[in-house]
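For 6-24, 31-51, 71-88, 100-118, 165-188, 208-227, 239-267, 295-313, 320-343, 355-373, 385-406, the entry in TrEMBL reads transmembrane segment. What TrEMBL records for 10-413 is domain 'Cation/H+ exchanger transmembrane'.
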Amino acid sequence: METLYMFAGIIALVCILGFFNEKVTKLTYEIGLMLFSTILGIVLLIGIAVFNDTSVGNVLKEIQGFDIHDFLMNGVLCFMLFAGSCHMKLSDFKKMARQITVLSLVCTLLGAVFYGMLIYGASLLLGLNLSLPVCLMFGSIIAPTDPIAATGILSKFGLPKDTSFLIQGESLFNDGIGVALFVCFSGMVKASGSEEQGFLTVMLREVLGAVAIGVIVTLICFLMFRFSKHPQLKIFISLLAVSLAYSLCEVFHCSGAIASVICGILFSHLRSKYAESEEKEHVELFDSFWETLDVFFNSILYVLLGLSFVSILKMESVLLLSFIAIAANLISRVSSLSISSLFMGEIPDGFSRGGFITLFTWGGLRGGLSVALAMSTRDMVPEKVYYIILGCTYAVVFFTTVIQGLTMKPVYKAITKKKPA
């Protein structure tokens, strides 16, 4: 029953905070949930300190102790990635395959290394004694932009079609690359497993294995999907496809995130190819289900992130380290984009290279995936280092989601004013 009580409490917060945001502040839905749940967590902490209310403290502690890593990585991530990609057209992906590949692979790898080196330098200056492998692992946590944040927040700002598709495509694929990098660098931290197999071997297995599993599972499951006339059963088959692909990737040590995106894109392509055999009501039900499921999991995740944000206070020198983490993120993102953009070919929608770098730097939001990966380092590093990684990750996630998310529209307008005619 305790699990049910917690679930009911989180849903209550989603509804109350969401309703308040809709009627009063009118912020972007995801930003409003995270901002107000963070404020609520801080207010509760102050109330506990002033009134010494242990009952409220226990409830808040239990919510903050919720395993976001398990919830996301071993639960809902595959469904959220499928929901974000099952409306993407394969033809659009082929058109921008080069740009998406460069951003999701080259830019993520460079971003992880640059961020890791910056944090390593700061560690030496501040006497934090963070090893280089730990800093590179930290870089792999921060480098990938979050698909949940990108599809949930940036898609609402009326960006041009190709630019919007590129942001979503990069974020959907680079989280899988980020997880693969995390596996490699965490192997170096533990001095076993991935390090022995070699960086390139692990990356190839993670990526190519995921693509193969995603394609094979989707093609098999779509045979049932195509010949079924039961609308709910079609939805169940899509749930089976993505969960089976993700599970097989776990067994074979491949990137389940990449496989989930492959499933979504292939389902979208095959559904459009055989659209004449699907009734309109079935199509609408399928799309509505996945959109609702995506928003539902999004809502829970952002409330949990907001309430858990106060754990940043466990980090020593919280303001200084948060500032360093945020600054390092912006510097590494600009640097990796500056290099990657040289290999992309044509910049989409007529943006200048500088405008493109600015837009994709400020639009590089981080979210639950980064926090989940940070939480998974608890048994890899000393407790002090763990709280530095987790606290800095929360700082970057909060800044990118709330501050960058809220200012994305004016930044975009400023860029378009300077856009070449």
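Quick reminder: no glycine exception, Cβ is built from N, Cα and C everywhere.
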Range from 100-118, 165-188, 239-267, 385-406 with the greatest count of C-beta pairs under 8 A to the transmembrane segment (355-373): 385-406
Long-range neighbours of the transmembrane segment (385-406), counting only residues six or more past its ends (CB under 8 A): 27-28, 30-31, 34-35, 38, 119, 128, 130, 134, 138, 141-142, 149, 153, 305, 308-309, 311-312, 314-316, 318, 321-322, 324-326, 329, 362-368, 370-371, 373-375, 377-378
Contacting positions for the transmembrane segment (239-267) when only residues 6+ beyond its ends and CB under 8 Å are counted: 77-79, 81-86, 88, 90, 93, 172-173, 175-177, 179-180, 183, 205-207, 209-211, 213-215, 217-219, 221-222, 225
Other parts of the chain folded back onto the transmembrane segment (165-188), taken as Cβ under 8 Å at six or more residues beyond its ends: 81, 84-85, 88, 92-93, 96, 99-101, 103-105, 107-109, 112, 116, 133, 136-137, 139-141, 143-147, 149-151, 154-155, 159, 194-197, 199, 202-203, 206-207, 210, 253, 255-258, 261, 348, 360, 363, 369, 373, 377, 380
Annotated stretches the transmembrane segment (6-24) and the transmembrane segment (100-118) touching (3 or more Cβ pairs under 8 Å): no
